[in-house]
Amino acid sequence: MTALNHWQPSADIKNLLKRAKIIAEIRQFFTERGLLEVETPVLSEFGVTDLHLSTFSTEFLAPFGEQSKTLWLSTSPEYHMKRLLAAGSGPIFQISKVFRNEEAGNRHNPEFTMLEWYRPHFHMHRLINEVDDLLQQILDCPPAESLSYQFVFQEYVGLDPLSAERSELIEAARKHNFMAEDNEDRDTLLQFLFSEVVEPQIGKERPIAVYHFPSTQAALAQVSPEDQRVAERFEFYYKGLELANGFHELADAQEQRHRFELDNQQRQKCELPTREIDERFLAALEAGMPDASGVALGIDRLMMIALDCEKINDVISFAMDNA
């Protein structure tokens, strides 16, 4: 098909009209609760160290003879929004375009829309309740169920993810057609088993919040003071889709730097390029970000459920192959 006859939108106009109405409803939800809507840059001088995120880059040509520089397209507005929190913004939300140089398919588009919000002085479970409120309002769905990562993993894999021997995890992964090496990384095994065995079984009839992921998967979340084996991190699943990922946010600049450095060490082991650490973000943590919880929710996947669509292309105006 040539570009001349491949001009029409990916989604039906009626779906785009419904999408606009839902986004307006989301904005009203947060405005009525006293959150400030913010806008942060899509381009940044820093990428992300996360081993599992592939970032788009572009070159700023810097006119007037200045040296050009590489800029990175945002994978999430998280770092900038936390800088706003540290500056005293109070509770904030944002609906923004984000970019990940990864797969395109029925559930993924490299450019997508993310809703992200932060609540100073909220603990993790209070934010889980607010995500639940939003989903019930937008999707008219039953209240969410909250279960620990340890519980659902034991329920569907039959192993305790926090205490199982690596050999047991390898055996379980191989039963599910994962060609695990004898020295396979423990987190790789846990992530495979969770995504391939657990996720397809949960959130079918109602949303489910899975909380207390292993501390080795904390990312930017705090480790639980009650149990150092788990992080104060949660994810929401519904109708076969991962919808949201939230944290009781890590505010310790020294610990965050250490995690970034570990990310880069892992990148080197995997023969991936290292990423420069975002010193501005760490400076904001050092200055004092308030204790807060935050969450990112995929708007396009939310629309897939709200509009009963199987493909992400049916809820966005122009997919990557039609942009």
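A Cβ is built for glycine as well, from the same backbone N, Cα and C atoms used for every other residue.
Sequence-distant contacts of E78 (substrate binding site), defined by Cβ-Cβ distance under 8 angstroms and a gap of at least six in the same chain, are E116, L220, G294, A296. Sequence annotations record features per position, and here Swiss-Prot assigns substrate binding site to S76, P77, E78, Y118, E249 based on sequence analysis.
Neighbour density for N101 (ATP binding site): within 10 A of its CB lie 12 other CB atoms from the protein chains shown. Here Swiss-Prot flags R100, N101, E102, N109, E242, L243, G298 as ATP binding site.
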Rounded inter-Cα distance in Å - S76 (substrate binding site), N101 (ATP binding site): 13
Cβ-centroid neighbourhood (8 Å) of the substrate site, S76, P77, E78, Y118, E249 excluded: Y79, H80, M81, K82, E116, L220, G294, A296
Number of other Cβ atoms within 10 Å of the Cβ of E102 (ATP binding site) across all protein chains: 15
Residue among binding-site residues E242, E249 with least C-beta crowding, 10 angstrom cut-off: E242
